[in-house]
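Taken from Swiss-Prot, the feature compositional bias 'Basic and acidic residues' covers 12-21, 37-56, 343-354, 715-729. Per Swiss-Prot, the feature region 'Disordered' maps to 1-63, 335-362, 704-729. Summarising the annotation, Swiss-Prot assigns topological domain 'Lumenal' to 1-89, 135-199, 249-281, 326-398, 446-474, 521-565 and lists sequence analysis as the type of evidence. The topological domain 'Cytoplasmic' annotation in Swiss-Prot covers 221-227, 419-422, 495-499, 587-979. According to Swiss-Prot, the feature transmembrane segment maps to 90-110, 114-134, 200-220, 228-248, 282-302, 305-325, 399-418, 423-445, 475-494, 500-520, 566-586, an assignment based on sequence analysis.
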Amino acid sequence: MSGPASSTGFHIHAEGLHERNVQPSKPTSDGGVAPKALDDKSRVEEDERTDSEKKTFGRTPGGTIFTVPPTRDMVSQLLSPSEPKNLSDIFVLAIISCHIFLLRFLPSSFRVAAFAIIFLFWRAAYNIGIGWLLHMQSNGRTLVCWAKKSNIFVNPSTGRNPHPVLYNLLKWELETKIPEQYSFEDAPTEYNTWLVFRRVVDLILMCDFTSYCLFAIACGGRPAGEGFIMLALRWITGMSLVLFNLWVKLDAHRVVKDFAWYWGDFFYLIDQDLTFDGVFEMAPHPMYSVGYAGYYGISLMAASYKLLFISILAHAAQFAFLVLVENPHIEKTYNAPPPRKRVAVDTDNVKPQDDDVSQDSSVINDNEYSGKAVATLEPSSMHNLLGPHNFDLYRITDSSVLLIQILFSALAILTPSTPVYQFFFVLNAALWRVWYSVGIGYILNRQSHCKMWTRHFVKYGESNQEAWQQWKGTYHLSMTMTYASFIAATWKMYSFPQDWGYGLVLLRHILGASLIALQIWTSASIYESLGEFGWFFGDFFFDQSPKLTYSGIYRYLNNPERVLGLAGVWGAVLITSTKSVISLALLSHTLTIAFIQLVERPHMQKLYGQSLRRDAGLVRSLKRSLPPSLKQFHGSVDKILDDSIEFIEEFIEAARPKLAAGVKTFVKDTSALFQKYPARITISRLEPDLAGYDQKDYSISLEGTQSSEPAQFERASDKEGEKARSMPDRRGEQVNLMFEYGAPIKVKWTAPLNHSKKDWIGLYMVTDNTSREITRISSQGRWIGTNKASFDSLTCEQGLISSDIVINKFREDGEPKDVASGEMVFSGDKLWWTQGVFEFRYHHNGKHNVMAVSRPFEIRIGRFDDDAIYGDRYGLVRAAIESALLPVVQNCFDRDPDIAPQTVEEQYGSLVDRNGKYSRRVVFAVHQMFGIEFAPEVVRADGNVRNLAWRICNAKKVLAPYSMSRTNGATTPTAEHES
C-alpha cells in the first residue's frame, strides 16, 4: 500500500479552498468559449503586448473575455492606513469594535457563554451561509441570476435599473477598492457579483476570527498547581502553532492570490497557470488541515477545554464545508472526465486473458461464443471488498470476518480483565501483528520472486484471477484480525477514569481519539488513491503494471502508512497509558517499517526502477528550508539507514525459515446493494389571487418514444381472464400513452397571454397527489420553468425549448382564442427512473396551484421473451439481447453522446465510472427486462453493451433450472425419468 497510485481510475486534481489549481482548462458544466470569444481574446492580447505589466484574463461561462484587475488582500484593505477606506470597511471595523466592547463591558460570568454563542453564529455564517451560497452558485449560478434579475449592475440611465442609489453606492465602493484596470460599467456581471460577494465574505471571516480570539481571552486562565516549566512549554508550543498557522495562511495566499481565496472559480475562470509550492506540497488541503493548527495553539495557551472543544467543532465544520461544497465544485470544474475513445475495436483479434484486472473489459468476438471460449473471455467482476457499501454476507470472506469480529467482541466484553486474560489478549494481538507483517510479507516476497501464490493455484487448474481473489480474501481477513485483536487487547488493558478532570486525563483521551481519526482518514486516503488493486498489492500478481502517478496523499508522502498509518496505535497508547499497549505499538511500528523496507521497497524498485521518485512533496519542502549543514547530515543518515537495511536483508535472505502456506478455497457470490434515499418533505405554498386566469386556456400535451410492443401487449397476456386476453377496443379515444424507460418526453403547453412568468411544470406520480387543484408533494428537481430568467437557478431552465409563442387555439367550448405556448423536454435527472403511471402538472406563479394536468402516461419496460427465437439458440438470443439492450442503455445514459454508446461494441464514457446513477439505472432495467439482478459494479466492469449481453446470456443459462418462465431447456426430471 505504500506505492504510488495506479494511473487507472484516478487523476491528480487541485486541492480545496484557497488552493485549487487554476488551470486554463474549460469548465465542464457550462460549456467552453465560443470561437468569437477566442478571437476577441486574441485581439485583446495583441493590443496589450506593449504593456509592460502582465495582465490576467478572466473568462465567464458565457465566453466573455475580460481583464482581471489586481486586488489587495482582506487584512491590508481593512487595517492598513495607506489603503483607501469606504463604507463597507467602516461597517466591518465597527462590527469588530462592537465585539471588543462586549468583551470589555460584559460581566465576567456571561463572557464565556456569550462569546461561545457569538463565535458559533459567525462560524455557522461561514460554513452554512457561505456554503449554501456557493453551492447554489456552483449548481445554478444563483448569485449571478439574482444580480441579473435585479439589474443592480445596469446603468440607471438605461431605465432598466430600479435601484439607482444602490448602483451608485456599489460603483463608488468597488472602484474605490480597485483603482487600477477596473471599470464598474464595463466589467461583466459575474465579476461584479464576485466583488460584492467578497465584501460579505470579508465581514464573516473577520468577525469569525475576532470572535474566536475574544472567546479565547474570555476562557483563558492558568491551571491550579501548574509549574513554571509546564507553563513555559504550553506557551512555547502554542505560540509555535500560531506562528506556523500564520505562515500557512500567508504562504497559501502568496500562491493562490485573491481569486482562489475568495472562491473566484465559482463565478469565472482565469487563463493563468499557478505554480503550487510551499505549503501546498506539505499537506492535502492545507487551509483546512494544517491551516487550523493555530486553533489548537490558542487553546493550549488558554488552557481551556471549552475552547478546545469549540475548536474541534469548528474544524470539523470546516471539513464538512470542504466535502459538501468545495470538492464537488472542484471535481466538476477542473477534473473533467477524459473524452471517450470512439475507435472501433477489432473484435476478431481479442485474446483471452485470465489475469486481466483492468476495468476496461475486452470486447467479445461473435465467433467465440461457444464452449469453453466463453468462460475464458468472461469480463472481470467489480465486487470490491473494502468499505461498508461492499459488505456482502453471501461472500465467505465477509461472513467470516463478521462472525470472527462478533466472537472477538464477545470474548473481550464477557471475560474479566484479570492479568491472565490480559496476557492472553496482548499475546494474541502480538501474534496477529507478527503474522500480518512477517507471514504476509513472506508470501508477498515469494510472490515477487517466483510467483509462489499464483503457481499454487495454477497447479490445480485455477486461473491467475482465482489466485488474486483468494489472496484478497486472505489479506483482508488477516488485516481485520490484526486490528480486531489489537482493539480487544486495548479494551482489556483500559480502565475507565474515575476523575476526568485529574491531570491530563481528558487531554490524553482527546489526543488519542484525534490520532485514531487521523489513521482512519489516512487509510481512506490511501484506498482512494490506490483502489482495490493497489491496496491488495496487485502489482505483485500482475505483470501489466500501471503507470505511476503520485496523486492524493501520495502527492505529499511516499509511505503514509509509515507514520500516519499507525497514528491510531499511538492514540490507543495515549488513552490506555499501559506498558503492554506501548509494547504492542512499538512492535507494530517496527514490523510495519520492516515490511515496507524488506518487502514493498525491493519489489517497487524491481518493477518501476528509475520512475520511482526519491522525495515526496513534504520532504522536498522541508529540505528547501534546511540549512546546508543539516542537509548534509540528512544525507549521511540516509546512507546509514540504507546500509543497515541492506545488511538486514542479506541476513534474512541467508536465514529465512521455510513457511508452509496452506490456503483453502473460498466461495464468492455477487449480490446487489441498493441505497435508499429518504423522501424530501416540503410545505405547499398557495397563491391567494387567481382571479383573471381561466383554466380553460391552460393545457399540456405530450410527445415521447412509445414503449416496445412486448410492454404494450403484456396487459393482454394469458394470465388474464378470457375476455381480457386481447387488446382493448378503443372507441374514439386516443391511444394509450406508454413511453420508453428513460426516453426524453417533450411537453407542449398553452397558457393565457398574461400568465405569470414564474409558471412551472412538474413531473409526478399519479398516486402522489390526491388533489387536482393543489400539488402537495415536492417535485424533487423534476420541474422546468416556462420562461427563462424567472427563477434563481439555471437548472430549472435545462430542457426549455421555447416560451410565449402566440398561437390561435380552439378552447374546449369551441371558442378560438390567442394564447401563449411553449415547449420543453424532460430528460435525465428530470425523469423518474422507475416504472409507473405519471402526469405533468402546470403550476401558477412559482407556487403549487395547479392550472392544468396532462393525460396520465405509463413508463414501462417490456419483458424480453427469448422463447420465440428458434435456430441457433445461443447466437440468436445473444444478438436479440444486444439489440433490445442498446436503446435501453442509451436512455439510461441520458442519450449523452459523450457517454452513451452508439453500437454494442462501443465503450461507455468515463463518466459512467464516476457517477453511480447510470449503472444503477441499467441494472434496474436489466432486472425488469430479463429477471436477472446485477450489482451496479457489473455494468461498469463490462464497459459495453456486448459484454453486458454476454453476461445476461450466461446468467440465464446458469439460472435456467430456476426460471419461472417457459423454456425449451431441461426441466425437473419426471417420474418416468426417475424409474
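Any Cβ shown, glycine's included, is placed from N, Cα and C.
Sequence-distant neighbours of the topological domain 'Cytoplasmic' (419-422) (same chain, 6+ residues past either end, Cβ-Cβ under 8 Å): 489, 492-493, 580. Secondary structure counts, DSSP: the topological domain 'Lumenal' (249-281) has 20 helix, 2 strand, 11 coil. When Cβ distances are compared across the two stretches, the transmembrane segment (200-220) makes contact with the transmembrane segment (305-325), since 3 or more pairs at least 6 residues apart fall below 8 angstroms. Counted over residue pairs separated by six or more positions, the transmembrane segment (566-586) shares at least 3 Cβ pairs under 8 angstroms with the transmembrane segment (475-494), which defines the two as touching.
If you count C-beta pairs under 8 angstroms between the transmembrane segment (114-134) and each of 228-248, 305-325, 423-445, 475-494, 500-520, the highest count goes to 305-325. Counting only same-chain residues 6+ beyond the ends of the transmembrane segment (500-520), those with a CB under 8 A from a CB of the stretch are 305, 308, 312, 564-575, 577. Nonlocal intrachain contacts for the topological domain 'Cytoplasmic' (495-499), taken as residues 6+ away from its ends with a CB within less than 8 angstroms of a stretch CB, comprise 505, 509. Averaged across the topological domain 'Lumenal' (1-89), pLDDT for the predicted model comes to 59.
Look at the topological domain 'Cytoplasmic' (221-227): DSSP puts its residues at 0 helix, 0 strand, 7 coil.
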